[in-house]
Amino acid sequence: MARASALLLVVAAVIALVAGHGAAFDPNPLQDFCVADTTSKVRVNGIPCKDPATVTPDDFFFSGVDRAGAGTASRRYGFTALPVQIPGLNTLGASHARVDVPPGAVFPPHIHPRASETAVVLGGAVYFGFVSSYPDNKVYAKVLRKGDVFAVPQGLVHFLYNNGTEPASLYATLSSQNPGLVLLADALFGSGLPDDLLAKAFLTDVGTAQRIGAKFRA
């Protein structure tokens, strides 16, 4: 079991390298590396670089991706996300995360406006997919199991749902240092948009829109 999990993490790392260098949407770097200087007060489109003389191997290292549920949990949707924060990836057009999804939990429909995504399943099974843009609105989705990989084009609505009986975990690679995250239901019902506008958009009545919105504003 341990060897199988280690092999999947190696596969995830290879996918990360390919996605990070072959499909990155961020500007190309002008040097070998630009390790993030998180103590700098300079504000740029990204994070300033550390002095290369102070860079160490630990700036390119992260530990803990093998631990289930080690990240921040969503009380509303049930998933847990662990950002893989590697300072040495600064300016390289890639970001990574481990996502854990217990049975019955979802990572609800959302978009990453600045990145495509590639995910490998580390364990369990999930229903994972995306929806093409208007006017087709076609769903491309599969039940993914351990060792499966799925890709999501940049900016498209996508989702995952653990409708099984076992916990599931994924390792996701995104093609931007700052991919952005828009949870559609939260953005629409939790942002203060007028209830009559939402009612018209969802072909329902104002009372229904108000009741749904109240769940997101609680």
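The backbone N, Cα and C atoms fix where each Cβ goes, glycine too.
Since the structure is predicted, the reported quantities are computational estimates derived from the model, not experimental observations.
These come from TrEMBL:
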- 1-24: signal peptide (SIGNAL)
- Cys34-Cys49: disulfide bond (DISULFID)
- 63-210: domain 'Cupin type-1' (DOMAIN)
- His110, His112, Glu117, His158: Mn(2+) binding site (BINDING)
- His112, Glu117: oxalate binding site (BINDING)
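Counting only same-chain residues at least 6 apart in sequence, those with a Cβ under 8 Å from the Cβ of His158 (Mn(2+) binding site) are Pro109, His110, Ile111, Glu117, Phe128, Gly129, Phe130, Val131, Val152. Per-residue pLDDT, averaged over the domain 'Cupin type-1' (63-210), rounds to 96. For the pair Cys49 (disulfide bond) and His112 (Mn(2+) binding site), the Cα-Cα distance reads 25 Å.
Using DSSP to sort the residues of the domain 'Cupin type-1' (63-210) gives these counts of helix, strand and coil: 21 helix, 59 strand, 68 coil.
Across the fold, the C-alpha of His112 (Mn(2+) binding site) and the C-alpha of Cys34 (disulfide bond) stand 24 Å from each other.
Counting every protein chain shown, the Cβ of Cys49 (disulfide bond) has 19 other Cβ atoms within 10 Å. Summary: among the recorded positions (Cys34, His110, His112, Glu117), the fewest other C-beta atoms within 10 A of the C-beta are counted at His110. Taking the centre of the Cβ atoms of His110, His112, Glu117, His158 as the Mn(2+) site, the nearby residues of that chain (Cβ within 8 Å, site residues left out) are Ile111, Ala115, Phe130, Val152, Leu156, Val157, Leu174, Pro179, Leu181.
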